[in-house]
Amino acid sequence: MPEEAGGAGSLERIRADHERALREAKETLQKLPEEIRRDIRQDKEKLLQDARGRKEAAAAGLPLRPFRQPVGAVGREPADPVVRQRRDKIKEMMKYAWDNYKRYAWGLNELKPISKQGHSSNLFGNIQGATIVDALDTLYIMEMKEEFKEAKEWVEKNLDFNVNAEISVFEVNIRFVGGLLSAYYLSGEEIFRKKAVELGEKLLPAFNTPTGIPWALLNIKRVVLIISHMMNGQTQYLTFPSLILCLQSDDDEHVPPLQIDAKLPFWLLLATGLGVKVQYQWFGQAWDFIVPIFILGIGRNWPWASGGSSILAEFGTLHLEFVHLSHLSGNPVFAEKVMNIRKVLSRLDKPEGLYPNYLNPSSGQWGQPCSIDIEISFQHVKMMNTNVDADHVSIGGLGDSFYEYLLKAWLMSDKTDEEGKKMYYDAVQAIETHLIRKSSGGLTYIAEWKGGLLEHKMGHLTCFAGGMFALGADGAPSDKTGHHIELGAEIARTCHESYDRTSMKLGPEAFRFDGGVEAIATRQNEKYYILRPEVIETYMYMWRLTHDPKYRQWAWEAVEALEKHCRVDGGYSGIRDVYSNHESHDDVQQSFFLSETLKYLYLLFSDDDLLPFEHWVFNTEAHPFPILRKEDGSKEEKEK
């Protein structure tokens, strides 16, 4: 019987291959001569690209990886003429945003569309080209081929990470690493894989903390001071709340410890390089050294973040990118770093099952304050004790994408990451119990928790959660699937109301549910709109998962509002007050407008075959990553 079954299976495969060959032959015969010539040209280009890619991979020390055309990288035209017209409009918006960036700010991070000049955020340090890298995959899926080609050429010639500047690990990861990874997976161009891995390696020193919880800020080329002392004949490294322990240099070489003063129980691990004056302070005493310092990565946390703590949404939003970095580089260290974050979190008590926003990277405890004063002659870094409440929980800013990445890590693993799955659904249960409330007017919202008390405020950033709940419905217990979809729909409705209740039909940065107010910003510093994508993101997920036409209608309302109020002569700008009858622009075209807002709108008016959820997971910057199939892993093991 087994042999007969095997023979039948072989015959079935042969028959299927024969039928497919016949179909392809018929399709070829029906093509026009210029179409056949175009296909031949593309096949030649693909062969050349593969050969070039193998050469580049070998030069970069990366494993050879045959490129497989991904499913759903480009979709078909929508059949409905109205939907097609609206999608074309969104593509025109992308071209307008891109062309103006190219005209006035090419190579810089972002565009000031009213001033018609470049805009640089300190989030990226001296790394340039944020809009180019962030927009790569949007250009690709919109089939803007010339623009994608010029963006790729800029990356090849100009994208440089060898800069002496402090960057946000979180922002550089989601925008630059994420953008490069998705561009590689869509196009197969090796330069994107090479640059993604190179940048990932630059970010690794951020994890050199006592717990492995990474710093928020990293100077990817900066002096490092490492203090150690001798105990039982071995070098012991002292752990200080804000002293960065960076144990590897760019060329991974070290020199033996150098004893500065035999009377002091401190050693300095140094490599030769630049001489600088260093003042080290401890218990009211200070020592001055003139020492040679090697240029290395050094990190710190935001001074305002609960006594120098790391932020949940930042260290919790590295998982997808770093797992893919290990997958593409063959180096397990990236995945190991983010899996260690899970280990640290698993050891901690969660108040009411919730995850506070702040975690101290030295003590490994929630929101522990600390103080240290380190002075280096050309920079003074000072972190003082603060009394910020450790038990601040938010599904918006500071917490949001941590929860998103728990769910998406499970989905991206082909649903094998059971730990990520359990953490996500346990967290959702706690969020429902303690944070989700319904207003007297019937609007469901997600409040913030501060030391056990609720602040009835919901941020624009929190509006992503509607899409998250709906996306996770399929993996919820069977009796909860419909409930999660409904919860997503209720959050989408609330966020739509936050748009609909403004003069400009664009949502404020935050809105409140207290004092008789519902879904309205009451504070001036919460009334701005900076081209954010989260509401449209939720519309996109709800449309894909329910096909309820209201989500496309709500999205089109947002398009009309963007065109009316945010489109200016030099691009698109945010608005300072969405409740005003007069536009006051902030003069910034954010890179995420091209990466997220316009991409989600384009997907909303595309068929489901474009980047289908069965094959792709989006990072928090809307960069699509392929699901890592179980069979792909076994194939790679065999090849090794």
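Glycine is no exception: its Cβ is also placed from the backbone N, Cα and C atoms.
Keep in mind that TrEMBL annotations are predicted by a computer and have not been checked by a curator.
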Coiled coil per TrEMBL - which of 8-35, 344-371: 8-35
From Cys463, Cys566, partner that TrEMBL gives for the disulfide involving Cys495: Cys463
Average pLDDT across the coiled coil (8-35), rounded to a whole number: 66
Shortest C-alpha distance to Cys463 (disulfide bond) - which of the recorded positions Asp400, Glu534, Thr620: Glu534
Integer Å distance between the CA atoms belonging to Glu534 (active site) and Thr620 (Ca(2+) binding site): 10
Residues near Glu534 (active site) in space but at least six apart in sequence (CB under 8 A): His460, Leu461, Thr462, Cys463, Phe464, Cys495
